[in-house]
Amino acid sequence: MYIIVIILPLVGSLISGFGGRWLGRYGTSILSTTFVGVSFFLAILIFYETGLCGTTCYISLTSWINAETLSVKWGFLFDSLTGVMLVVITSISTLVHLYSISYMESDPHSPRFMAYLEIFTFFMLILVTADNMLQMFLGWEGVGLASYLLINFWFTRLAANQSAIKALVINRIGDFGLSIGIFTIFYLFSSVEYLAIFSISPFFQNYYLILLGYEVNCITLVGILLFVGAVGKSAQLGLHTWLPDAMEGPTPVSALIHAATMVTAGVFLMIRFSPLIEYSTTILTILTIVGSLTTFFAAMTGAFQNDLKRVIAYSTCSQLGYMVFACGLSCYNVSLFHLTNHAFFKALLFLSAGSVIHALSDEQDMRKMGSLIRFLPVTYSLMLIGSLALAGFPFLTGFYSKDFILEISQISTNANLKEVSGNIACWLGSISVFFTAFYSFRLIYLTFINNANSNRMFVNSIHESNWIILTPLFLLALGSIFIGYTAKDLFIGFGTNFWGTSIFNLPIRSIQIEAEFLEAKLKWLPFFLSIFGILIATTLNIGVRNFHKGIIFYSFFAFLANKKWYWDLIYNRFITYPLLVFGYKVSFKNLDRGFIEILGPFGLSNLITTCANITKQLQTGQITHYLFFMILGVCFFLIWANFSSYLFSSVVLYLVLLFFI
Amino acid sequence: MYIQLNYINVSTLLFLISLIGIFLNQRNILVMLMSLEMMFLAVSFNLIFSSILLDDIIGQIFSLLILTVAAAESSIGLAILVVYYRIRSVITVELMTLMSG
């Protein structure tokens, strides 16, 4: 059963990929959805066994690599962390599969799409179930590859190609850090298996490596390298630029990759390595600061985007920032709780957005929507549920995880634990709550409530989607409402032993209890901030519309945020183009085709030709010149013959005479 | 001894003058042939002198042989010259550049 969960999507992918020609569109769709669905039910059973019954399961298949101390096995580790991830991945994946049956109905390459979706699910499952870093890296790279294939699904579009390449390349930067991290871990621990690494990591707490003349704590070093990988995959500030551009793929892809699974891999890595990074305060500080900056940046940028999917993409980026800084504050279980909840309401938002886009004949610009509340009441209510959950409305899913993360960040500011990084996280996180509510409801207003801005042609053809599209939305809406409340006590309740040994928390950094005893006003703060955001959005869209046209500050601000704070511009101008220019001018033109060729074949043959031409010019045809060279040659041989004799000086004298005559 | 060296110097000087005559002459091929004859004469002179100095007959035999060869050579050379002149109707050395490299 444990292996079947992982193997089923692979088998389904192979069948629908290679046999799609014979199975047909509906055949592959139904087959792949069934396979992933079975996988989901088995994942629930695994969740029950590993999580609720607390039986950690460890399966070791054959050996993979055996070389001296490096011995890697095909092994699978199922603990409660893996169980939760399995349920999240397979459930979202099943619903996305179901959704795509109808959404991709008119696409000519539907079997290929299903195969990609399934291979993506398979690699994600490999990633979360691996028991060693190498196998995890296989899943990690496979997920990146599958994301490339999926974003590039409509491969005839230039923008899709560019986005896919961008996603893959930026992910590779993070993967590079992760692979160096794996090498470092093998160098330090002589093993790449989780169990070995985690059991001996406390002994490396005060172990220092000399790196470039500096003493570096090895746990910090490893943590930073792993975090570089997480930054790439989870789109944290610095390597986040691929995530909004990855919206070029079909909407179900965005829901699967950029909401629920792929981007959570980085956070999962941090949670999985909690027994290691917990021993280094430095890396936790870095996590907190980078995570909170990401939260703030993405929330603010998302508030000024005009593309429906891009707003949701930035909100994903922002919520990932919340998860990462929750890890940095050592509350890994809260982070995972938010990950779970976020998967549900973000998938709901993305799929609802897909429904809206589908209804509007593939129009994505929010400025060309409006008043869809009359036409799409079901989609509207579902999207409202998703937005309220995202904004942390009380008793919806987002409330239980996001507000708890904010309460945890409040501790370092307002309790006795004074911590600078926590303070930053608290401020930026709280401001982001306001922005989150603002852009969620800006989206709702622009899409559904404001006056219609689209063409009459489109308005005439607006229709509610069919039940295959709406069923996943209903199920996700149920999840968005109830998951948080249901799973709260299990995931982050007082003294819950759900996590067992899968998450490690140093007692000195265990601060969750403090969060329960905050002042009432601090607990109310996030709620008031979101209400404030909703009010501002309402005022701007209903009350004083277009008031901002005359304010220069607003336009500048919106310009900055709409252009994503010029991150892409700066990257292109100062990193990408100089590197491309370097690659063309220096390494291609000057080295490969220049220096090496001149020293090598081209230069040598050229030299020989030149010498031959010079020598050829000696043969002028003039008899006197020939005579000159003859006499010169005779003189030369005379010198040669008499080199050491006593006649040498007199011969030289004659020769010199000859020369100057 | 002084007289002997004088003879050698005379023959060497003669040889060098003829060499310079070939070398410096850019125009007239007849002068070149004359210089060549002069070169033969210098060598012959040197051989005869060596023959007397060393009291050996072989030098003189060689000298006679060289005179013969020089006569034959100049006759053939002049014949070639005449043939050349018939075709080109000019015997300037500078213009003989048909076979450049």
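A Cβ is built for glycine as well, from the same backbone N, Cα and C atoms used for every other residue.
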Correct range for transmembrane segment (source TrEMBL, candidates A:279-299, A:342-362, A:552-572): A:279-299
Helix-strand-coil residue split for the domain 'NADH-Ubiquinone oxidoreductase (complex I) chain 5 N-terminal' (A:64-114), DSSP-based: 29 helix, 13 strand, 9 coil
Long-range environment of the transmembrane segment (A:207-232) - Cβ separation under 8 angstroms, sequence gap at least 6: 140, 170-178, 180-181, 184-185, 188, 201, 238-239, 266-267, 269-270, 273, 276-277, 279-280, 282-283, 286-287, 290, 324
Surrounding residues of the transmembrane segment (A:372-400) on its own chain - C-beta under 8 Å, 6+ positions past either end: 315, 319, 337, 341-342, 344-346, 348-349, 352-353, 355-356, 359-360, 433, 436-437, 440-441, 443-444, 447-449, 452, 459, 462-465, 470, 473-474, 476-477, 479-485, 488, 492, 526-527, 530, 533-534
Beyond the flanks of the transmembrane segment (A:279-299) by 6 or more, those residues with Cβ under 8 Å of it: 201-202, 204-205, 217, 219-220, 223-224, 227, 231, 235-238, 240, 270, 314-330, 409, 421-422, 424-425, 427-429, 431-432, 435-436, 439, 506, 509, 565
Remote residues contacting the transmembrane segment (A:6-23) - C-beta distance under 8 A, at least 6 residues beyond either end: 31-32, 35-36, 38-39, 42, 76, 93, 110-112, 114-116, 118-119, 121-122, 125-126, 129
Within the predicted model, mean pLDDT of the domain 'NADH-Ubiquinone oxidoreductase (complex I) chain 5 N-terminal' (A:64-114): 91
